[in-house]
Protein chains: 2
Amino acid sequence: MTTTIKDLGEIELLNRLKKYMSCGQIDDDVAEINTKNKSLLINTDLLVEKIHFSDEISNAKDIGWKCITTNISDLICSGSENITSFTVGLVLPPNTHWKWVENLYEGMLEAMQEFGGEIIGGDCSSGETKMISITAIGEMNLPRLHRGNALPGDYIVSTGFHGLSRLGLALLTSQKLPSEAQLSPELINRAINAHKRPYPALEALKALIACKPESISWRAAGTDSSDGLIESIRGICQASNCQAVLSKTSILKDTDWPKDDIWDEWLLNGGEDYELILSLPKEWAKSLSNKLKSAKIIGFIKEGKPNIFWDNLEKTKIGQSSLFRHF
Amino acid sequence: MTTTIKDLGEIELLNRLKKYMSCGQIDDDVAEINTKNKSLLINTDLLVEKIHFSDEISNAKDIGWKCITTNISDLICSGSENITSFTVGLVLPPNTHWKWVENLYEGMLEAMQEFGGEIIGGDCSSGETKMISITAIGEMNLPRLHRGNALPGDYIVSTGFHGLSRLGLALLTSQKLPSEAQLSPELINRAINAHKRPYPALEALKALIACKPESISWRAAGTDSSDGLIESIRGICQASNCQAVLSKTSILKDTDWPKDDIWDEWLLNGGEDYELILSLPKEWAKSLSNKLKSAKIIGFIKEGKPNIFWDNLEKTKIGQSSLFRHF
């Protein structure tokens, strides 16, 4: 049975979607947020079919997971560990199968079960192309991470390694690899999983909060590496008006990652990784890299016009990955 | 000069959009909401080109105004008089002219200047069809209006008259009118304006709050008439599990509205009107209709399986207007 959205009609579609929502918004158009005296963080992301997702690469459940987790990552890398609510705007062509929509929401719920939050409202409409608009809300905590909070003398910390998602995309779309290399089945598996099921760094944020030395303030800079490792550091340098010096040998790779240097491009500019990239006072950075196994100090911040160097003073190539040119 | 989005590229586009945003979100992906110890109301609406707007009917400034005001209306009809923030998700084909985008945001800002709020964040992406996703946030006040709050014995109040927007749409798209009728230039003007520049009932909400008799509680049911007058009452009956009895002679019309009965269809089911439709304790309803010139008691609520009758016990036709079947 392939029931389409057109078969259902708008009223029945909205009725079916209600089971995925918290009980607040059954009869009304708006939803309530009980703020419990906390300030909130809010983030809106758009995902457009063929640009951000496609049924050839991912099934609807994976797409649902991904659109929630990428939003969550933006909240986490701003310091929010308590994700509370989502609204979901959904544009669907009339011939979309109901099963696709059901799987999409199930993937979203799986992500919320893992990281927190519930759907409190939304809207849907027909349209020529599938489009998902997610607004995510979380409580504001300390540290309030900003790209613009870095200071000279900080250490730069990455909470995990990069490049897997880019490799996963290449494997899923049969793209040419940087070089002919024998990839282990485990690496292939991890890469595809990283691309289909991104996993935001909530545990890393919790470790960051738990390990702050008492003697220093909550000032910390941070972002996620969703646009690539180098791009995330470029963002910190730009917003903080400083320079980063990176140690290439300190940048972690998956144990099975090909040794050939040409593969570094995906490590540095692959994108769609969801690690925290932090600029922290030295003591805090050391504390975090001790506490969190996957975290590594990969460089430091110094004064100067925004730029990124390797520790041999070579300038990095920081051309933005073509992946993220949407226009 | 017709600079397109493709000419600008994503980074320059985002830079240009920043001037429309409050200063919070320049360097980061998320925005903050300072809740000042208040609970919040949130609403997400999608507007898709050719379904909710089209450049043939409205210019970009009008579209910007409309997408903000329709969202605001949802907050107002839930009881929020203090609109605080918006996020804007924008999907644009690469050949979209920058001027269109600029005008869209200027229309949005005009609406915010009139009704409150500021853009605190958003996202944009390319796509085949233009799409605007707005999330609006307002403070929660008393009365917290719900569709489900009506009780037998309540009076039903409309804060203004209906049908103008539907007539405006017909005039703008050269649709056939219900009958041949001589329309006054003033009516034509009001109708087109109602369609292009909907005006949410913020003053009516303020009057409702100001005129509540002290002796009664804040319990009140409400919605806006964006899906049509009858549909809004149907929503209240459904959610409150009760019946409405309406007095056709009490339903206000624009002074120049054609007398012919056949025009009632647009009055009752035209849609895209933004009046408050309230179900209130009698005393409060009388107080409001005294205080607010445009407000009128149009019927009452009684026990029974959800349904709507005229006061001559004739059942109304409550087939949902085909306008709102999006699939």
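Glycine is treated like the rest: Cβ placed from N, Cα and C.
What TrEMBL records for this protein:
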- B:D29, B:D74: Mg(2+) 4 binding site (BINDING)
- B:D29, B:D74, B:D224: Mg(2+) 3 binding site (BINDING)
- B:T44, B:D45, B:D123: Mg(2+) 1 binding site (BINDING)
- B:D45, B:D74: Mg(2+) 2 binding site (BINDING)
- B:H52, B:E272, B:F324: substrate binding site (BINDING)
- B:Y105, B:G122, B:D123, B:R147, B:S226: ATP binding site (BINDING)
- B:D227: Mg(2+) 5 binding site (BINDING)
- B:28-140: domain 'PurM-like N-terminal' (DOMAIN)
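Feature map: TrEMBL annotations on the structure.
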{"residue": "B:D45", "record": "Mg(2+) 1 binding site", "Cβ within 10 Å": "24"}
{"residue": "B:H52", "record": "substrate binding site", "Cβ within 10 Å": "20"}
{"residue": "B:Y105", "record": "ATP binding site", "Cβ within 10 Å": "20"}
{"residue": "B:G122", "record": "ATP binding site", "Cβ within 10 Å": "27"}
{"residue": "B:D123", "record": "Mg(2+) 1 binding site", "Cβ within 10 Å": "22"}
{"residue": "B:R147", "record": "ATP binding site", "Cβ within 10 Å": "25"}
{"residue": "B:D224", "record": "Mg(2+) 3 binding site", "Cβ within 10 Å": "25"}
{"residue": "B:S226", "record": "ATP binding site", "Cβ within 10 Å": "22"}
{"residue": "B:D227", "record": "Mg(2+) 5 binding site", "Cβ within 10 Å": "21"}
{"residue": "B:E272", "record": "substrate binding site", "Cβ within 10 Å": "24"}
Quiz prompt | Nearest recorded site to B:H52 (substrate binding site) by CA-CA distance, among binding-site residues B:G122, B:R147, B:D224, B:D227 | solution = B:D227
Practice problem: Filter the binding-site residues B:T44, B:G122, B:S226, B:D227 down to those whose C-alpha lies within 10 angstroms of the C-alpha of B:E272 (substrate binding site); answer none if the list is empty. | Solution: B:S226, B:D227
Exercise. Taking helix as H, G and I and strand as E and B in DSSP, count the residues of the domain 'PurM-like N-terminal' (B:28-140) in helix, strand and coil.
Key: 35 helix, 43 strand, 35 coil
Quiz item: What whole-number distance in angstrom separates the two most remote CA atoms of the ATP-binding residues B:Y105, B:G122, B:D123, B:R147, B:S226?
Solution: 32
Quiz item: Including all protein chains shown, what's the count of other C-beta atoms within 10 A of the C-beta of B:T44 (Mg(2+) 1 binding site)?
Solution: 29
Practice problem: Check each of the binding-site residues B:T44, B:D74, B:Y105, B:D227, B:E272 and report back the ones whose Cβ is under 8 Å from some Cβ of chain A. | Solution: B:T44, B:D74
Exercise. Taking the Cβ of B:D74 (Mg(2+) 4 binding site) as the reference point, list residues of the same chain whose Cβ is under 8 angstroms away and which are at least six residues distant in sequence.
Key: B:N43, B:D45, B:A136, B:D224, B:S226
Quiz item: Over the domain 'PurM-like N-terminal' (B:28-140), what is the model's mean pLDDT?
Solution: 92
Exercise. Using DSSP with the three-state reduction, classify B:S226 (ATP binding site) as helix, strand or coil.
Key: coil
Quiz item: How many whole Å apart are the CA atoms of B:R147 (ATP binding site) and the residue listed as 'Mg(2+) 5 binding site'?
Solution: 14
